[in-house]
């Protein structure tokens, strides 16, 4: 199965990315405060096919942020709304004059336009920054995780930046996501999972009894009731995927499996909209495409970037898989349409062997039956069953027999033995009925006397 790939150099370190349609995605990053010559920017890129059946990446538009501000650290987008996390310059933050670290842009398909910004954290420490930004599917809510101490997460209305709830998480938030229906927000620390209601702001389910030998890294809702978590071993190589049900206010582990023993850490994860592929970025700058159907690594792209991978994203139609890096590069993979459901060589070989074994076993059974004349026994058995079924048609039917002495009613039983018994009973009934008939006739018609007896009586 052939994959087409393209490596594209943007020109500045990248820290956030999101598809805005099937073939366009926005990236953000920059050199940060004091890094002269490397801008802080947002850029919209378009991916498509080029001549020779390859891939091409083109720049659609960009927007440059103030040069003295910090570099953007997080991004999410829904529809035409783009939110980024980006601190203002450190002098302003320290002065207490505010830090508009959440900024909103609009994309109309041709250009990016800055719309507004707000200070959610109210921090005067320039080291505090926005770690994660997530928008709900309909764009009506946003969740923002901060690095400040104590660690916290805020749920806001992105239209006016009003804070609905602020939650102290206790430990650094590794990742967070909204459920598809937007009623829940889930986040993980390195050792716990917590699900919060976006309606009440209270915790609805929590899991803290994970194996102490693993470190939770990334998470995403598979649907409204199930969460996928990616984790690694704390002291050895290995990547694990775990599916957890949160239905009915309790957590249930559906499955947990190690999918690779070659990598030490995970830097990014995404699940496609069809929920059949998972993309993972590893600590050695490789990208894994994992099939959820059987939890197998379908394809590994080794060391596609020269520096840390900061984000991986699927296109809405699952045609493209994109990874971005602090090495200023974008790597695009075009995924074959049948890849998620395809079988590997080992799977195909195993299936062929199983089918062959089943055919040989069936042939052996049929041959043994033929040698032992079992087919004749089976045929005779079904014939006997058919014969019994045919005789049963007479079961419980009433029969009438007309004789010289009257009508006799008999009941025929459903088996031959009972039928013979019934005939005997009927014969007895005939004799009894005959005797009764003769007696009745003698009473009704007296016996005629001889002439001699008649004369004697007259005398």
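Quick reminder: no glycine exception, Cβ is built from N, Cα and C everywhere.
Marked as compositional bias 'Basic and acidic residues' by Swiss-Prot: 436-452.
The feature N-linked glycosylation site is assigned by Swiss-Prot to 435.
What Swiss-Prot records for 417-459 is region 'Disordered'.
Sequence annotations record features per position, and here Swiss-Prot assigns repeat 'WD 2' to 294-334. Below 8 angstroms of C-beta separation, residues 3-19, 21-23, 25, 27, 29, 45, 47, 49, 55, 57, 241, 255, 257, 259-260, 267-274, 277, 279-282, 284-288, 340, 342, 344, 347 of the same chain, each at least six residues beyond the ends of the repeat 'WD 2' (294-334), sit close to that stretch.
What Swiss-Prot lists as topological domain 'Cytoplasmic' is 1-351, and the listing cites similarity to another entry.
Per Swiss-Prot, topological domain 'Lumenal' is recorded for 371-459, and the stated evidence type is similarity to another entry.
Per Swiss-Prot, transmembrane segment is recorded for 352-370.
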What average pLDDT does the predicted model assign to the topological domain 'Lumenal' (371-459)? 50
Helix, strand and coil counts within the repeat 'WD 2' (294-334) (DSSP): 0 helix, 24 strand, 17 coil
